[in-house]
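Pulled from TrEMBL, these are the features on record:
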DOMAIN    11-185  domain 'Glucose-6-phosphate dehydrogenase NAD-binding'
BINDING   Arg48, Lys146  NADP(+) binding site
BINDING   His176, Lys180, Glu214, Asp233, Lys338  substrate binding site
DOMAIN    187-483  domain 'Glucose-6-phosphate dehydrogenase C-terminal'
ACT_SITE  His238  active site, proton acceptor
Amino acid sequence: MIPLNEPFDLVLFGASGDLSTRKLFPALFSLHLDGRLPSEWRLVALYRREHVDFIENLRIPIMLNHNTNDESMKAKWDTFATHIVSFSFDATAPENYGELKTFVNQMPDTSTIFYLATPSVLYGKICTGLANAQLNTENSRIVLEKPIGSDLTSAKDINELVSQHFKEQQIFRIDHYLGKETVQNLLVLRFANTIFESQWSQKYIDNIQITISETLGVEERAEFYDQVGALRDMGQNHLLQLLCIVAMEPPSRFTADAVRDEKVKVLRALRTLNDLDVHKKVVRGQYKTGVSNGSAVKGYVNEAGVDPASETETYVAMKVEIDNWRWAGVPFYLRTGKRLAHRACEIVVNFKEVPHSIFDLQHKKTMANKLVFRLQPDEGIRLILCEKKTGPGVNVRSTELSLSPDYLHRKRVPDAYERLLGDVISNNQTLFVRQDELIAAWEWLDPILKHWNESEQGPEPYISGSWGPAASTLMLAKDGRLWDETFSPSEQEADE
Ligand code: BG6
């Protein structure tokens, strides 16, 4: 464990929101438990409304997360809590920022991190407030949660406002998927081995699939989600970032700008979609009633806080093409959705079939090699190969080589937010999104949003607990392919 030595003040806007309570506080507490935080650090937690015992109320769920409520852990929490000050704060009122300054340590050796866990429409106002109170010092950093903007124009406007007061080297645009262990392992696997690199192109790869499927619905975030939808919530950021990591060229070194230079090239090489393409290559869906994890669940428009006439998509699938030498002709199929059959996140690299088979392969297609990066719920990497079935004759069957990394045997895999908070504290931007990447992603997405806005056709319905709309299966079927759904336990059982 690398200790984070530099003293810091973390000013958290939106401290009582879903993200802060579910992810940020627990991540900071885990860093504290691992002894990684310096002796001098403070969290200035700002929330919108008055909350009685706000910090104490966080303790129980966080302890439960650690499967404990014992006294020693409680003592550790008590020490942790001494580092926190919290108060209600209206970020839209310019006069409040002067008062905030009195809470922030301005010592030259202490960095100040402003974490904006609020809707991105507030980013401009908050940055202006901080600048007017002269809080945007050389020693300050700002962390921006996604989605930044709701389309290309608003994303540009927000970036412009933020960059009036903070330099790019001070801006940390977070995408927590980049903090997941397997994503970093994918970088190592690709760029620390020669055997994969030689296979990593249109010469040997048939198609790549990236799936982020959730069983949850919109839960407590209906109001936010109904304004956003799956494409902005997961597509613009997590799915495209994963695609970049898979498709990028080897950077010359593992530094923030060298890595991000390569990712932005991928985004700029994405084939632009016209109206007809959107129709053919993008599927949007919305969940209806059904059964999820064994219980009957409501349809999206019946969820509390959702407009009953809502056309917001809770599912999106896309066929993405990259116009460069490495990837010409290799489709990347991306999909994500809520209330799907299983919770999983996988990147599946499907290799081409052998050019000529000397064996009697009954299911040639299913015998092609596959490299599977599983990000969740459990993490690991599998290589699917062919082997001879023991016994008479030469019968070929598929087998798996598990490249499960050593962290699977450790007690706890650190959450992505722990890693990323640690990177902000130690001022390392490698796993954060640069301005040009963000804009390039919106540039590619904008025609889809425009087409949907103008289209009379709403999202395709799908039953909760299914794998999404039939149109998505059809999209791949037209290319003679299937979604890889072998991560579904029931199907694995059926195969055996
Ligand atoms: C967030 C989205 O970025 O990622 C949520 O806003 C989604 O809608 C979440 O549920 C999924 O994250 P994870 O790490 O649980 O897969």
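Every residue number used here counts from 1 along the chain in the order it is shown.
Including glycine, each Cβ sits where the backbone N, Cα and C put it.
These numbers come from a predicted model, not from an experiment.
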Among the recorded positions Arg48, Lys146, His238, report those whose Cα falls within 10 Å of that of His176 (substrate binding site); none is a fine answer.
Lys146, His238
How many other Cβ atoms sit within 10 Å of the Cβ of Asp233 (substrate binding site)?
23
If you measure Lys180 (substrate binding site) to His238 (active site, proton acceptor) at Cα, how many Å is it?
11
Kindly point out which of the binding-site residues Arg48, Lys180, Asp233 have a C-beta less than 6 Å from some atom of ligand 1.
Asp233
Across all the protein chains here, work out how many other Cβ atoms are within 10 Å of the Cβ of His176 (substrate binding site).
20
Using C-alpha atoms only, work out the spacing between His238 (active site, proton acceptor) and Glu214 (substrate binding site) and round it to an integer in Å.
13
Could you state the whole-number distance in Å separating the C-alpha atoms of Arg48 (NADP(+) binding site) and Glu214 (substrate binding site)?
29
Cα of Glu214 (substrate binding site) to Cα of Lys146 (NADP(+) binding site), in Å and rounded, measures 18
CA pair Lys146 (NADP(+) binding site) / Asp233 (substrate binding site), Å rounded to integer, equals 8
Other CB atoms, at most 10 A from the CB of Glu214 (substrate binding site):
19
